[in-house]
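Undergrad: Sharing a structure, written as structure tokens. Questions coming.
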């Protein structure tokens, strides 16, 4: 298994080769890809396939279907049992008859059965799929029609087409096949009254939302019980499925999906409402926090080695894998960020690329999804769903019901924060707000308008780690919304957030608190207000020195935002930011944080005191030069040459002389002139001229103000 995974991950061509080996015809390889839910594609066996080969393939298909005998079918249970019963009889026939004894005339019937069983396997998997119960229920008419057609198709193939008398099957098995064929025509296939009633109750609940009325809790509990959704985790699984279905539909929009968009939005809102209200008091298992982790649970390591399915850049599971020109596969978000930083190379091999294109690797994605499903785990969203950012950051829901349901949920959760007498309920409310505002702009606006910010800030004083963690993460999500950031400032939250950076109970809380300051620093007047707090800048600098990787990164980018306010420059220098930033530049440091640090140093070096602070660091210039030579980041190289040029302008021969004695610098500068952007090339030429002038004539007088005249504009 692991060999196959490596084969699939290592090369897009290899993935195609495996598929073509399993399915010799191109259309068969296509059929193995990601299909739409409740669609029933099937591959027509070739006319040259022998009855014996068809018999063997049918047996494998039948075994797959019979493996679902113990699956839970909350909806269409009767239809599923009837279909499985028929397949069981077919399997018994295939086991009893010798494949070599099948006459050539059996090929037609076996081909028809093969197509039917392919479709039946897909339909049964969809009906048994965890998280899909509500969606299957609301498409009961379509599902019933599919079951009816497939069961009748089995009867036709067995009764009319299959030359049963020409086989060597035992009389008992032949009689069983005749009985199954007869019953297939008589079987009552359709939507049972209980399913139909529950579907009507769901529609009624959605109408209630549209009218701004909360559904009856008893009705909601009856819906959940019929669907066997009995816990927070079950309910969340339904939500994850509906969100994934919505994202998949957005990639291939047609008239049908446009009509169903409102239904998807309404059903998702209904399940969110149930997750928050129906399971609020009785289901405290895990509190959903385990589902917030990006990495899969540890128990999956007992099933298979996951390293082959992790992105080589982020080391996270490749939920959205893409393959670049070298044949290596990465997570879409990670490789997109790599290319966006200016690194037009393969991260694994270092090979230079001619362009930054990539293609989805559906084979690897299928393996990852199967891995989650085989362990009864919900498939989480990719960390950054590039393919459908408009859906994940939706500003307006797809339906009135979804919008009004979200407002009700927000009001309910804020009331829990404000009035709950127990930390457990407050923690659960904060956790729900955290999940709902992770990527949805409309949800953020609803939470801010409902007054969530002051109560979340109040929870930051909690000495319970999980409560603090959920509250900080929720505030981080809300700070990304303009009204949310303003609400944090107006509620006096700046000091509270800084305190969390200093004394957080969890590293994650410290990291998220620094990220909140980053988003707030982009607001007008906020950089000055943050800088005026005595502890804010020293706390950030200390985080750069001693924090975790993500904590350091968040602190660095926040310092860059604070530098946009001129009065903060001296405070940042006095806090010792320059040595802390220089310390992030060793070769072994991960490149993105080093690039961020260089951007801050370039900004600091614009003024004489900042340039002097960098020069005064014993290893400041050597580390900058080494980073410039070794980094693959375009913005990092441009910011680095900007910093060096500013230091030359402000520091004169004291800076240029050491640079002229570094022979490895000049080739890197010439490379930037020829391969970099026009702006970066101009800066590199200016720096080369300064070094040559020192060698030939001595350092010329140059006013610090002339930095602007020579186009030293720092890359962001």
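Cβ atoms are placed via backbone N, Cα and C, with glycine included.
According to TrEMBL, the domain 'U-box' annotation covers 304-378. Look at TrEMBL and you will find 377-398 tagged as region 'Disordered'. Summarising the annotation, TrEMBL assigns repeat 'ARM' to 451-493, 576-615.
For each feature listed, report its degree of burial, its nearest neighbours and the pertinent distances within the displayed model.
TA: Using DSSP to sort the residues of the domain 'U-box' (304-378) gives these counts of helix, strand and coil: 25 helix, 12 strand, 38 coil.
Residue counts for the repeat 'ARM' (451-493) under DSSP, split into helix (H, G, I), strand (E, B) and coil, are 33 helix, 0 strand, 10 coil.
A mean pLDDT of 85 is what the model gives for the repeat 'ARM' (576-615).
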